[in-house]
Structure formats: structure tokens, C-alpha cells
Amino acid sequence: MSRKYFGTDGVRGKVGEFPITPDFAMKLGWAAGTVLASTGTKEVLIGKDTRSSGYMLESAMEAGFSAAGVNVALIGPMPTPAVAYLASTFRADAGVVISASHNPFYDNGIKFFSNSGTKLNDAQELEIEALLEKALNQNAMQCVASEKLGKVRRIDDAAGRYIEFCKGTFPNHLSLAGLKIVIDSAHGAAYHIAPNVYRELGAEVISINDKPNGVNINDHCGATHLDSLQTAVMVHEADLGIALDGDADRVMFVDHNGHVVDGDEILFILAQAAHSKGEMTGGVVGTLMSNLGLELALKQMDIPFVRAKVGDRYVVEQLKRTGWQLGGEGSGHILSLQHASTGDGIVASLQVLKAVLESQKSLSEIKAGMTKLPQVLINVRLATADADSILATTSVKQAVIKAEEFLGDQGRVLLRKSGTEPLIRVMVESTDNIMTQTQAEYIADAVRAA
């Protein structure tokens, strides 16, 4: 049975349009609260990013949870991985994040974490959806008795607790003293946290894009727009730059030359560091979108590599299936299960900094063992949300077949719909730049014409 509202990363959409409305948020809170209240402490944590719409959705969810008899603890603007960590620390039934991650301010979303700090599984989401459907269509939302209504409280020291958690994943014998780091918080949830983590570990920190106003989150900044970070690294002659996205669950780097170090290269750096110390347990989990260069570089070290479906939840599932510790995506979602239960941009960045310090080399030098193959990704925006019918058309299928025949064993093609936006992603990878670009545009044209 497929999920109706939960995409690859919870519920997401444009604010004010279904399902990102106060009514939906309230009924989702009630449905989730009813499911979660059947066992556990009957308390949930709610965190959010810096979008102005977060206040509206937070209040609506509070009402829904209270109606279901579930208490709510508010932790304010907080990175997504912080909510996962704190939900586990406070023994809550669940953590709720109100965020649309790297999307523009006019989008928002809602996702849940279990009390073990991992994302809800498909079965739990389906159970919540079944109740939600009744609340939406049959007016089946029922309030508990007045004396059983949930209460709301604030946790004032949440940021400090999470800062200490992040610092605790960095070895005590190492210090960032002597490193000049530029941190781009994307005007997002980590604006008051990330700079303090690096400063307290000894680094000289230049903080940019750290003044959220409710509408500037991810606006030409952060992990999806690295231009301002590249410029700042060069202007300040920094050792490196770190970019988080709006909810700080992904991270990208810029080396001292201003060159981008993406999620695939971060995975290589972490695997290489563990391998050099004889600490690599198992292999690495990437996704269907992971650059072939990562797979080849890991193969040189005899490190196994498998591809999961796109989405960090599927990377986590594959890691648990294999018993491995390290996985992630080129977009900067990095999973290091020995340190955190979900993708954590700050924690992942600290592991990279650890690798830099222990190698006594620059970031540019330690990534040099991996050569990325030319990869072109074209996002084709759809007029309608019916991506499945477009992918099923004969013309699109024929275009893919022809491209694969042309590339032969020198490349690969991947066509997939976005789980969060009305997009079809066309990815082509091969040993030749021109060939890669040409074939990607050929398939993208077929998608647009379908």
C-alpha cells in the first residue's frame, strides 16, 4: 500500500495550499498523537526551522496533539538532527520537525522521528495516514476529555544540549585551533548553533548567512547555493568553508582553493580515513545518484559499495540491513550511525575536520584520491504532478534506451521523479563531458515533450 501524504521526507508543499494548511497540520497532529499515545510517555517534541510559517504550523500541531491527549515540548528553531537526538534524550514518543529543508521559504513540511531518533517506518506512516484520512474526509477527529488534554511546555536549554552533543562526537585530543573556517548556516535552523560548535572547539570562525528573517532561508545561500561561501573562503583566505542547508541535515564543503567538496567526496574522505586506520567496518551505502567515481575509488581500497533508493531514509534502511555504519548522498546527507541516528550536517562536518587534522593534509589533498566522473543532472519541472505517466510514455522510454545504447559501458542513465517537488530528474554519467551533457539534454527534451 502506497503512502498518500508522506513523501520521501515527510509531508511537504507550498504554505497555504493543501496539505500545508493549519487545518491539515492540526488533524495530522491529532492522528499522529492518537497513534503514538497508544504506547509510551504521551509527549512529543516539536522543532522547526526559521520560516515564518513555522509558527502557524507549530500552533496547529500543538492543538492536534493536545486534542489527542499528548503533551508537547517546544524547542524552537532547531536543526532536524537535533530534534531526532533530543526526542531520544527526553524519552519522548516522537520528534516533529516543521521544515522544508533546502526548499524556498514559501514551502514548508512536517516530518516525524521515532523515540529512537530514526524516521518513522512506512507502516507507522500508513497507520497515521489512515486516521488522518478519516479526520479530513469524515470529520472523525475526536477530542479527549478536558482533564486528559495535552499540555505544552518549552525546553529552554535545547540548543545548549545539542551543541554539547555535537562537540562530543569530536575527539577530546584534537582541537580546531589554527583553522580558519567559514560557516554558511543558510539563514536556517543552525544559525545560532553551528558557529558556536566550531568556535568552542577552537576554530577561528567567520559566520555568514546567519541572520534569519523568516523569508531568507536558503535564499542564494547554504548547501544548495555555494557561491557566497566560495567567495567568502577566498576573501578571508580561510582553510575551508562549510555550508549547511535550512534544517542542517546536509553539509557541503569548499576547500581553500574555492572548489566544492560534495557528499560523494565527503563519503570518500570518511571511508579513506577509517580505512587508513584499520577502522572501516563493512562498506559504504550510496544511492542511485551517487557518482560512479565514488564506487571506483572505494573499490581501489576493497571497500564494498551498494546503492539504495534516493532519500536518506532508504540509506538508513540499507545501512541497518547490512550492519554498516557509513552512507549518504551527493547532496550532502551523510549518515554516520556510530555518531548519530540520522543525517547530521554538523556532526558529519566534524568527522571531515577530524580526517583533515589526523592526515595533516588540506581538505583539497585528502579528497584527491577520488576522481568524479562527469555527471549531468537536469531537473525538468512539470506543469502537473503526474510524473508517473510521463515516465511511462513510449517516447521517454525510447529516449532512455537510445541514450544507454549510445553510452554503452562508458556511462549510465537514471530517470526518477522527485519525492518532494513536481520534478523529473534526468541524470547521465559517463567518461566524457560532452557526451554526458548531450545525452542528458536529449532525454530531458523527451520528458518535456511527453
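Note that Cβ sites are derived from N, Cα and C of the backbone, with glycine treated the same way.
The Mg(2+) site recorded in Swiss-Prot comprises D245, D247, D249 together with one of S101, S389, S395, namely S101.
One way to see the shell of the Mg(2+) site is to take the Cβ centroid of S101, D245, D247, D249; the remaining same-chain residues with a Cβ within 8 Å of it are D49, P79, T80, S99, H102, G188, A189, A223, L244, G246, A248, R250, G345. The CA atom of D249 (Mg(2+) binding site) is located 8 Å away from the CA atom of S101 (active site, phosphoserine intermediate).
Cβ-based crowding with a 10 Å cutoff singles out D247 as the top-ranked of the binding-site residues D245, D247, D249.
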